[in-house]
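Per Swiss-Prot, these features apply:
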type	residues	note
BINDING	Arg21, His133, Thr352	substrate binding site
BINDING	Gly108, Phe109, Ser179, His207, Thr233	pyridoxal 5'-phosphate binding site
MOD_RES	Lys236	N6-(pyridoxal phosphate)lysine
Amino acid sequence: MSWQEKINAALDARRAADALRRRYPVAQGAGRWLVADDRQYLNFSSNDYLGLSHHPQIIRAWQQGAEQFGVGSGGSGHVSGYSVAHQALEEELAEWLGYSRALLFISGFAANQAVIAAMMAKEDRIAADRLSHASLLEAASLSPSQLRRFAHNDVTHLARLLASPCPGQQMVVTEGVFSMDGDSAPLAEIQQVTQQHNGWLMVDDAHGTGVIGEQGRGSCWLQKVKPELLVVTFGKGFGVSGAAVLCSSTVADYLLQFARHLIYSTSMPPAQAQALRASLAVIRSEEGDARREKLAALITRFRAGVQGSPFTLADSRSAIQPLIVGDNSRALQLAEKLRQQGCWVTAIRPPTVPAGTARLRLTLTAAHEMQDIDRLLEMLHGNG
């Protein structure tokens, strides 16, 4: 089989399964409204949970940062790309979340890959929740360590995996809020089992940080858990992009020496770090509290209103509200119907989610209003 035949076969298989991904160029894609092809849609696909991507204070901070530092960092943080703006953001994140150190990464995917690649050796074991993000599972699969997956949020299964002999160290990997189901991990129970077997816990709280807990400190803070490695990302609650790893001073020093994604990547622009500092200030403020309260009210309204529709609603109290449709083609058809009626909704299909669980991944944000939720509910009940 030639290269072209191999590529064509893979694409044909995706098309036949109604699983072919495509991108839509949008004029505006975050916040309450999405604009595409000169048409405006209510946006129920954005991860901008607090509606901060268009916050004037954050935009102004980025603009001022660009004027002060330029539009790029100029290199890796190990060369010339680590600015006083990066340093200040790291220190503020560490203080906010109660860690000694924070290290910035260009994306959550890079942060997860870097930590696992740097920490895990052949004699070690990773025990990962089966529904963990692709960045975590791919990194674990590519690492020389043994990968064992435990059933979703099943602490008993995790305990059995950790109890089996392992010549090296054990790392338990999970998410705070799961990206496709919107449910939360039982972090306190997971940490207890992990500690009983002398392991370390790594939590990716991409969808919890900024959105839940006191001052938006996230899933771990809410459940009174402090994992050895906490990954937070800035493309969701912060409304920007990038990520950070929170850890001890010793682990931070280790990652600075051995995390190749950190060493060999150009740092995020200092102006972006300034915008993230402004976003963090909003998240920690009374305004941040008000945005979280509004989002919680919208979630409650949606979950109450969707009852009686012909769809299976996932058990989620987060901004991620998946409606399980099952069949790929039906999910695509329903998403298209909703778009025709003015709501931008994304159909998520295998391999992103398990076979037979194609869904509409609805996301609510603090930028929405109650009438937006009511409009969505009206369309869902009418398109069942």
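Cβ coordinates come from backbone N, Cα and C, glycine included.
Checking the recorded positions (Arg21, His133, Lys236) against Ser179 (pyridoxal 5'-phosphate binding site) with a 10 Å Cα-Cα cut-off leaves His133. Residue with the densest Cβ environment among the binding-site residues Ser179, Thr352: Ser179, by other Cβ atoms within 10 Å. The Cβ of Thr233 (pyridoxal 5'-phosphate binding site) has Ser107, Gly108, Ala111, Asp204, Ala206, Thr209, Gly242, Ala243, Ala244 as same-chain neighbours under 8 Å, each 6 or more residues away in sequence.
There are 8 other CB atoms within 10 A of the CB of Arg21 (substrate binding site), with all protein chains counted.
Here the Cβ of His133 (substrate binding site) has 23 other Cβ atoms within 10 Å, regardless of which shown protein chain they belong to. Using a 10 angstroms CA-CA radius around His207 (pyridoxal 5'-phosphate binding site), none of the binding-site residues in Arg21, His133, Thr352 qualify. Long-range C-beta contacts of the residue listed as 'N6-(pyridoxal phosphate)lysine', restricted to its own chain and to partners at least six residues apart, with a cutoff below 8 Å, comprise Asn47, Asp48, Tyr49, Ala206, His207, Thr209, Gly210, Val211. Taking CA atoms as the reference points, Thr352 (substrate binding site) and Phe109 (pyridoxal 5'-phosphate binding site) are 15 Å apart. Mapped onto three states, the DSSP output places His207 (pyridoxal 5'-phosphate binding site) in coil. Cβ environment of Phe109 (pyridoxal 5'-phosphate binding site): Ser135 lie under 8 Å away, each six or more residues apart in the same chain.
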